[in-house]
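**Student:** Sharing the feature lines straight out of Swiss-Prot:
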BINDING   13-20, 60-64, 118-121  GTP binding site
MOTIF     35-43  motif 'Effector region'
LIPID     C196  S-palmitoyl cysteine
LIPID     C203  S-palmitoyl cysteine
LIPID     C206  S-palmitoyl cysteine
Amino acid sequence: MSASKFIKCVTVGDGAVGKTCMLICYTSNKFPTDYIPTVFDNFSANVAVDGQIVNLGLWDTAGQEDYSRLRPLSYRGADIFVLAFSLISKASYENVLKKWMPELRRFAPNVPIVLVGTKLDLRDDKGYLADHTNVITSTQGEELRKQIGAAAYIECSSKTQQNVKAVFDTAIKVVLQPPRRKEVPRRRKNHRRSGCSIASIVCGGCTAA
């Protein structure tokens, strides 16, 4: 029996956007109500997705500037990044382009990304919205996905567990079934550009790199 394929999944994003809560929720099926560590301990377990078993390794990172020099050490060998921002924090949304994409493309230029908007429960809470109107919409999240060329965009809530499993199932699928980005040989003068069309469809409309 062959060994399960190992997939290293690294979560990145601003501090306090809920990366660690999301990981704890995914691995324990419950929302942490007491102490929440700054960084989640590395986790590894066999996971079944679409009938295929993989060994999923989860790596958490601290988003604060104090860890900027150490954080890239976690990127080595990564198969997929889960890049998170908070749906109730415009600053964390803007930092995806300002901070995180430059960092990821510098240290891991060819690793695919799943973009995740966290704290969905608060964005959908009418009581919360009464005092906080500067939230990120689904349309804005999808626009950002296209801008950075992420393979997928998912909104989730660790508190209600909505879509948390979908985040990591999607990350696994992206690694197992990467978008086709083969270029048509240039020696053929009458090529049909079919490679670009396929990549766009598989990626859900994103532009192939």
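Glycine is treated like the rest: Cβ placed from N, Cα and C.
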**Student:** My understanding is the cutoff is Cβ-Cβ under 8 Å with a sequence separation of 6 or more in the same chain; which residues meet that for L120 (GTP binding site)?
**Tutor:** L87, E155, C156, S157, T160, Q162, N163
**Student:** Among the binding-site residues G13, A16, K19, T61, which residue has the fewest other Cβ atoms within 10 Å of its own Cβ?
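**Tutor:** With the binding-site residues G13, A16, K19, T61, fewest surrounding Cβ atoms within 10 Å: A16.
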**Student:** In terms of DSSP three-state secondary structure, what is the assignment for G13 (GTP binding site)?
**Tutor:** strand
